[in-house]
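Per Swiss-Prot, these features apply:
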COILED    187-231  coiled coil
TOPO_DOM  1-65  topological domain 'Cytoplasmic'
TOPO_DOM  87-103  topological domain 'Extracellular'
TOPO_DOM  127-134  topological domain 'Cytoplasmic'
TOPO_DOM  156-162  topological domain 'Extracellular'
TOPO_DOM  184-235  topological domain 'Cytoplasmic'
TRANSMEM  66-86  transmembrane segment
TRANSMEM  104-126  transmembrane segment
TRANSMEM  135-155  transmembrane segment
TRANSMEM  163-183  transmembrane segment
Amino acid sequence: MSRYLKHFTAVGDNKSAVPTWHEEDTSHHVTTLHDAPDGLEVSTGQHLGQLSFRDSLRKLYSTERFQIVVVCLVVLDAIFVLCELLIDLSIIEADHHRIAPQVFHYLSLALLTFFMVELAGKIFAYRLEFLHHKFEVFDGIVVVVSFILDIIYISKEDAFDAMGLLILLRLWRVARIINGILVSVQNRANHRVEKLKEINESLVHQVNELKEQNTKMDQENVRLRALLKDHSIDF
């Protein structure tokens, strides 16, 4: 199963930990991008007070709040696109001047602009690592194509109507929205997994400490028993 899941990772995932799931139980010192203190790169060794702009972006993209915001914006984009699609199919009657479709389109384009900025930030923050995650790359391609098609639609709306490509544009946007939701949900799930790993490592550390204390107490008990026996004291 892991052979297929390794292709659907998001930036910031520990790619080396995907093929063998049992390694998570045997190795508790593997540090991922999300595990690094305050989002620092593992190889940099930078001090906590010297966060670069790239490190700040990595930290931002790994936070659960940001993922929640992205999911909300994607759902909002889905509502706008759905309204546009219903108007295009004449299920909902548009006003005489067709102001409502334009409003929905520009609102959706504004959200697409945000996703373009997010994509640029991810590429800047993760660089070549971004290309290793096919799910993110596919989402980025869909975002860019959707943005270009929306810009072309604004300048040549009549051409889209004549060629019958408007519905195709909407359906392409729906595909982008579905993929965006999948990526966002996956990122949130990965973030929760990392949190659970941290809790598990903390519990393992506590168990090891308790075992060490128990061993010391057993040794002390043996020493005291030997001392009492040397002094012929029964107990």
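Any Cβ shown, glycine's included, is placed from N, Cα and C.
Mean pLDDT of the predicted structure over the coiled coil (187-231): 90. Sorting each residue of the topological domain 'Cytoplasmic' (127-134) by its DSSP state yields 7 helix, 0 strand, 1 coil. Secondary structure counts, DSSP: the topological domain 'Cytoplasmic' (184-235) has 47 helix, 0 strand, 5 coil.
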